[in-house]
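> Found this in Swiss-Prot, in case it helps:
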BINDING   GLY13, GLY14, GLY15, HIS16, ALA17, GLY18, VAL125, SER180, GLN370  FAD binding site
BINDING   273-287  NAD(+) binding site
Amino acid sequence: MFYQDPFDVIIIGGGHAGTEAAMAAARMGQQTLLLTHNIDTLGQMSCNPAIGGIGKGHLVKEVDALGGLMAKAIDQAGIQFRILNASKGPAVRATRAQADRVLYRQAVRTALENQPNLMIFQQAVEDLIVENDRVVGAVTQMGLKFRAKAVVLTVGTFLDGKIHIGLDNYSGGRAGDPPSIPLSRRLRELPLRVSRLKTGTPPRIDARTIDFSVLAQQHGDNPMPVFSFMGNASQHPQQVPCYITHTNEKTHDVIRNNLDRSPMYAGVIEGIGPRYCPSIEDKVMRFADRNQHQIFLEPEGLTSNEIYPNGISTSLPFDVQMQIVRSMQGMENAKIVRPGYAIEYDFFDPRDLKPTLESKFIHGLFFAGQINGTTGYEEAAAQGLLAGLNAARLSADKEGWAPARSQAYLGVLVDDLCTLGTKEPYRMFTSRAEYRLMLREDNADLRLTEMGRELGLVDDERWARFNEKLENIERERQRLKSTWVTPSAESADEVNTHLTTPLSREASGEDLLRRPEMTYAQLTSLAAFAPALEDEQAAEQVEIQVKYEGYIARQQDEIEKQLRNENTLLPATLDYRQVSGLSNEVIAKLNDHKPASIGQASRISGVTPAAISILLVWLKKQGMLRRSA
């Protein structure tokens, strides 16, 4: 039977991608349905209890700048906040927070249940309704059919999921949850390229059985960082430390002596695992010269005794897991409350997607999250928001939107996936971005919130706060530009105490702030340049914009030069055999990838600068040289 009301957008899956997709589509005014196999696990952290990190924190800030949910949720659930790379330049600084799993899940569910235009329904989806290469709905396990103009698949590791502990395995979407086998079979019938990936998680430890007195503590930062541009530290719950232990030669001997019982090394697991979050078996074998590896003992919550040992993800048998855990300092009497495991699952080649994350072959069908070959909550959330907003735009008969690589880490993520694809779980790093000085955490709102407002993602409260911040930045910069001090002035003596070389000529506040030894806080503590802005976010922007002005201007020039060709469009129907002068290898790769632009084509392995020049000349001769807006 059909459900009585049609929807504009259906989201299948309630993880980090699905919840952002649902919120985005609903915020844009579209009637949205979120289908999940279990309402109680909406926003569940399936692996590590943390949000953010290098590259990942940048994505969270961008999701927040576009009105998303993740940053707000972690501000309400974070039990330890830190700035990573704090001593380095602003481009690579990143926020990370330990999370209370229960509080995080509660924050996500509360937001979803209070979002207008959004209905949540508990039923596993087993089929899609596809008519003439267009998706028009979904069918649940009890045969209930829902119609919609667009469907977003955010099913994580559930598609034909198989859990491995030692040489034993069983079907599962994650520990304690069933897999999605009928939907996996249905998707394999569609003209989509599918393969298998693998990820894993460590055993969870009972905190009462760990001797923390012999371990080093790791505390959060003070003052506490905040994730959301709309948040403040008063929202944070109680803060707690993490602890650090290490593997040792005994640990490594246990692992080496039991490799024949590892499903990965025994050839039972075929899927490729994440390069940058390897299992402890992989670390011991790949880095044989290391006699220890650092392990972070992270609390799972304020009301839980479970500890997440970050760094010992494993699929070895349970008895071996016990030996590994008890070989480490402070863990000699530790008890495991949940075994570690590996999970294999289906993923679909993201090269079959448009930059909007819509399928190139099934109109109205969008993919987001681990189903696209990524790993991590943050990568999933960013894709979910993009897929949700584009599903909403499609249902409203509007053109899709995707950020450029020079505009957002989300743009880098999507371009990498859709252009290059991936053969292993993809993780975001700042090193993946060519223009990372422009793509900082601190300016995510300056880059994206105005666009978010145009798209209908940003509400009035966020828009008002954003404009107030812009005004504060502009007003303060003008004040510093117009406030001067001369070497002979009485205030010069106070200024000189903060300078490595005393003033020799008249200087404005901005001139002084450009000096490497002068911070904004120091400058505004001086009588001549007081008071400091109360708006801490605006104050940070003033300091960064002034200190890095020359570097930022230079990178902006590089971006503009690159964009002249980057945005030159390539016809979707172009057969590259028509372009004389291209090698057979280049023709094959371009016909296989079908890049949407010259920029995408230039990032395909094997497509040379000479081939790009030939393409540009050919497009010009054919009168097909046009650029996207």
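Positions of Cβ are set from backbone N, Cα and C atoms, glycine also.
If you look at the structure here, what lies around each of the features I listed?
Taken residue by residue with DSSP, VAL125 (FAD binding site) is part of a strand.
Neighbour list (GLY273 (NAD(+) binding site), Cβ cut-off 8 Å, at least 6 residues apart, same chain): LEU197, LYS198, THR199, GLY200, MET264, SER279, ASP282, ALA342, GLU424, PRO425. In the three-state DSSP assignment, the secondary structure recorded for GLY273 (NAD(+) binding site) is coil.
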> Mind giving me a neighbour count for GLY13 (FAD binding site)? Other Cβ atoms within 10 Å of its Cβ, every protein chain shown.
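That number is 33.
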> Under 8 Å Cβ to Cβ from PHE287 (NAD(+) binding site), same chain, six or more residues apart: give me those in sequence order, or none if nothing qualifies.
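Within the chain, PHE287 (NAD(+) binding site) has Cβ neighbours under 8 Å at HIS293.
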> Pairwise over GLY13, GLY14, GLY15, HIS16, ALA17, GLY18, VAL125, SER180, GLN370, annotated as binding FAD, what's the top Cα to Cα distance to the nearest Å?
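Largest Cα to Cα distance for the FAD-binding set is 18 Å.
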> Including all protein chains shown, what's the count of other C-beta atoms within 10 A of the C-beta of GLU281 (NAD(+) binding site)?
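If we count other Cβ atoms within 10 Å of GLU281 (NAD(+) binding site), we arrive at 25.
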> What is the interatomic distance between the Cα atoms of ARG275 (NAD(+) binding site) and GLN370 (FAD binding site), given in whole Å?
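Distance (Cα to Cα, whole Å): 15 Å.
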> Check the Cα-Cα distances from LYS283 (NAD(+) binding site) to the binding-site residues GLY13, GLY15, VAL125 and tell me which is shortest.
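Closest candidate to LYS283 (NAD(+) binding site), judged by Cα separation, is GLY15.
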> According to DSSP, which of helix, strand or coil covers LYS283 (NAD(+) binding site)?
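DSSP assigns LYS283 (NAD(+) binding site) to helix.
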